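Database features, via TrEMBL:
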type	residues	note
DOMAIN	34-136	domain 'Pirin N-terminal'
BINDING	His73, His75, His117, Glu119	Fe cation binding site
DOMAIN	191-305	domain 'Pirin C-terminal'
Amino acid sequence: MTDPQRPLAALMPIQTITRQGVTHPFGDERTVKQAFPNPIPSEESDPFLMCDYFDAPSTGMAQHPDDFPINWHPHSGFDICSYLKKGFGRHGDSLGNRETFEAPGMQWISTGSGVEHAEGGATPAGQAVEGFQIWINVPADKKRLDPRYGTVPTQDLPALPLNEGKSTVRILAGEAFGTKGPFETVQPVQMLDFELQPSDEVSFPIADDFDTTILYVYDGELTHLNHQTGSHSQSSAIPQGSVILMDASMPDKRLIELKAGHQGASVMVFAGRKLRQPIAWHGPIVLNTQDEINETIRAIRSGQFPPVRVQWDYKKIASKPKE
């Protein structure tokens, strides 16, 4: 199936095919798979900062409304998307939000000048929790905007049938196939999740002004990805765990063409416009200079972070004023 909204263009060339990384985001034995910044560095994934993919059994549900397996921690200077394909998401933050949502669904934060939040504890023990956490950078002049938050339940997350219903694409952000995704990022991007049935194929264009495009084959395999790699055509199988950096610099070569192997394929597509700005990255804080990082750390230590927050103790839901 081809996106009917635009005329066909030449196929976008492949720049690099590499393997997903493995990282320890919690500082313990728990691991997640990563499409970027390991193995695709931030200069090449710009404006995307991070994509973690997790698929593991839940350790159980929280026993108290104020308990979260991923405890309270700060964020500042970028947008976050938590996209779940299996399990239940649960979230609390310094804006006073407390929400639980069922997969497939999405929770997002535009962290702006800063938020504190906590996550997890909504999926029964042993049940699978599968999904992604994706970070997207924002321009320097918008990093101090007030934070925003939203939850997107299943019924509001566009899932479009492809090829007479054989396959599906979920549109998380940006526009594709005549439909706009619900995550309104500060920096324009396109994020699509394709679930392709065995041997099914799809083609679609990347926006003319997007100069970053990354494909992440997180399940199954692609075959006959007939894009040029230098002077050669790449048509051999591309297995699960592959991360494909496309050369999105050419205005006349905008088309992406995917064909699933015999086991089908699940592929995340990330496309966006590069910021080309300095990145100062300290754990959950992404700004432009080390001085800005230091200033934020001082604010955290002095209790002045986040600057925009509810007036009650958001870490204790019982203190929330009655409406």
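The first residue you see is number 1, and the count goes up from there.
Cβ atoms here come from the backbone N, Cα and C positions, even for glycine.
Across the domain 'Pirin N-terminal' (34-136), the prediction's mean pLDDT works out to 97. Less than 8 angstroms from the CB of His117 (Fe cation binding site) sit Trp72, His73, His75, His91, Gly92, Asp93, Ser94, Ile109, each of them six or more residues away in the same chain. Same-chain residues with CB within 8 A of the center of the His73, His75, His117, Glu119 CB atoms, the Fe cation site residues themselves not counted, are Ile70, Trp72, Pro74, Asp93, Ile109, Val115, Glu116, Ala118, Pro284.
Under DSSP, the residues of the domain 'Pirin N-terminal' (34-136) split into helix, strand and coil as follows: 4 helix, 60 strand, 39 coil. Within the group of binding-site residues (His73, His75), the Cβ with the highest number of other Cβ atoms inside 10 Å belongs to His75.
Sorting the domain 'Pirin C-terminal' (191-305) by DSSP state (H, G, I as helix; E, B as strand; all else coil) yields 12 helix, 60 strand, 43 coil.
Long-range Cβ neighbours of Glu119 (Fe cation binding site) (same chain, at least 6 residues apart, Cβ-Cβ under 8 Å): Phe68, Pro69, Ile70, Ser82, Gly89, Arg90, His91, Gly92.
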